[in-house]
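Features reported for this protein in Swiss-Prot:
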BINDING   CYS331, HIS333, CYS350, HIS353  [2Fe-2S] cluster binding site
DISULFID  CYS336-CYS352  disulfide bond
DOMAIN    291-388  domain 'Rieske'
TRANSMEM  56-76  transmembrane segment
TRANSMEM  98-118  transmembrane segment
TRANSMEM  166-186  transmembrane segment
Amino acid sequence: MSNNPEMNYTSKELDAMSNEELARLGTELDGVTVAYRKERFPVEGDPASKRASRTVGIWFGIGIVSALAFLAVYLFMPWEYKGLGEDGLWIYTFYTPLLGLTSGLAILSLGIGVIFYIKKIIPSEISVQRRHDGPSEEIDRRTITALLNDSWETSTLGRRKVLKSMLGIGGVLAGLTIIAPLGGMVKNPWKKGELGIQGDGTLWTSGWTLHEKGVKLYLGRDTGVTAEKHETSVGTHYSTQGVSRLIRMRPEDLAAAAMETVFPLPAEFVNDGDKYDASADVYEEQMHSIHGPRNAVMLIRLRNSDANKVIEREGQEDFHYGDYYAYSKICTHIGCPTSLYEAQTNRILCPCHQSQFDALHYGKPVFGPAARALPQLPITVDEEGYLVAAGNFIEPVGPAFWERRS
């Protein structure tokens with residue numbers, strides 16, 4: 001019961017009250033007085049009411065259509081990357097803009113429809129609330145339901161079946177435009193794709209895994225070149241035709257005590273030396289190799305005096321070629337690039353978290369948070385004198401993960 005003597009009602013008295021009286025009582029108990037309320041359309045069937053309903057319905061309809069369009073674009077429109085000159089490029093260029101346009105319009109039109117509904121249909125009302133302290137009254141349990149019912153009745157949404165349905169559908173679809181993109185974040189990390197220059201999409205593979213499929217992989221040096229500029233009668237344009245981002249390496253290309261970052265270069269994508277073809281365009285495929293998350297390898301040429309001190313890992317005694325050793329450039333801590341090499345100490349350093357690996361001791365960690373040695377890539381020289389991979393890594397590259405046994 002209420003602690004306010006003036007608001008101390010029995011259950012029988014509350015049962016005798018109408019919904020309107022209970023609603024008014026509820027506002028009074030909350031210290032709120034409805035000073036003014038005016039129906040927008042007091043006369044049933046008022047043409048102005050129908051015009052207002054149509055306006056709101058149009059905006060809800062736009063929201064529904066836009067939300068459906070968003071789902072159609074997201075689910076069915078081609079989203080795979082298309083490069084310059086490839087079929088379907090013009091469709092691909094519209095994919096992201098259409099997602100933004102349809103999702104934005106769906107949410108915006110739903111909001112505009114709600115605003116119009118409030119401004120044009122819900123009764124005009126002025127309420128005054130008084131400040132008061134203390135806990136809520138027990139009687140509030142009875143009046144809150146009446147207040148909600150009163151709000152529903154005064155909104156007139158209950159008898160506007162079409163608008164009610166459109167608002168519900170629009171709200172659900174607008175919500176889907178927010179929830180649906182989250183599906184793109186759900187990925188099975190062990191779902192294998194087609195094995196390519198970047199692996200098959202799982203943590204077990206890299207571009208070097210192609211060696212297991214019989215693909216000859218050269219150790220490719222990054223030249224850093226980009227598309228070449230051409231001047232023609234129609235203007236200036238850039239082309240990658242005849243441009244080689246990765247080229248093959250010979251042992252003599254690397255000085256003693258030096259390090260070079262190399263990437264897998266399949267024989268079919270070679271375009272240098274005696275295999276150079278000015279009309280070939282392998283630039284994009286070579287860039288895919290450079291961008292492979294587990295492809296980067298450090299090729300180190302030790303001094304002859306240091307090479308005699310090397311401690312080989314059991315089972316990997318023949319992974320090197322003379323003074324040349326190839327270690328994964330992906331730190332075994334959390335996958336940062338181990339991009340520094342101290343020629344005097346023969347240590348490989350990860351600048352991110354200061355892990356250090358001994359190049360003379362099969363890439364074993366000697367300092368920092370890394371707990372495992374850098375995987376070593378077996379290398380050799382082919383009949384033409386170029387450095388090639390003699391096999392794949394015998395362990396996963398990069399940091400630890402749950403399924404890894406070591």
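Note that Cβ sites are derived from N, Cα and C of the backbone, with glycine treated the same way.
Swiss-Prot feature annotations superimposed on the structure.
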| residue | record | DSSP (3 states) |
| --- | --- | --- |
| CYS331 | [2Fe-2S] cluster binding site | coil |
| CYS336 | disulfide bond | coil |
| CYS350 | [2Fe-2S] cluster binding site | coil |
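The Cβ centroid of CYS331, HIS333, CYS350, HIS353 marks the [2Fe-2S] cluster site; residues of that chain outside this set whose Cβ lies within 8 Å of it are THR332, ILE334, GLY335, CYS336, THR338, CYS352, GLN354, SER355, GLY368, PRO369, ALA370, given in sequence order. Packing around CYS331 ([2Fe-2S] cluster binding site) is summarised by its Cβ count: 27 other Cβ atoms lie within 10 angstroms of its Cβ, all protein chains included. If you draw a 10 Å sphere around the CB of CYS350 ([2Fe-2S] cluster binding site), it holds 27 other CB atoms from the protein chains shown. The two recorded residues, CYS336 (disulfide bond) and HIS353 ([2Fe-2S] cluster binding site), show a Cα separation of 9 Å. Taking the binding-site residues HIS333, HIS353 in turn, the residue surrounded by the fewest other Cβ atoms inside 10 Å of its Cβ turns out to be HIS353. If you take the Cα of CYS331 ([2Fe-2S] cluster binding site) and the Cα of CYS352 (disulfide bond), they are about 10 angstrom apart, rounded to a whole number.
Around CYS352 (disulfide bond), taking its Cβ as the centre, 16 other Cβ atoms fall within 10 Å, counting all chains.
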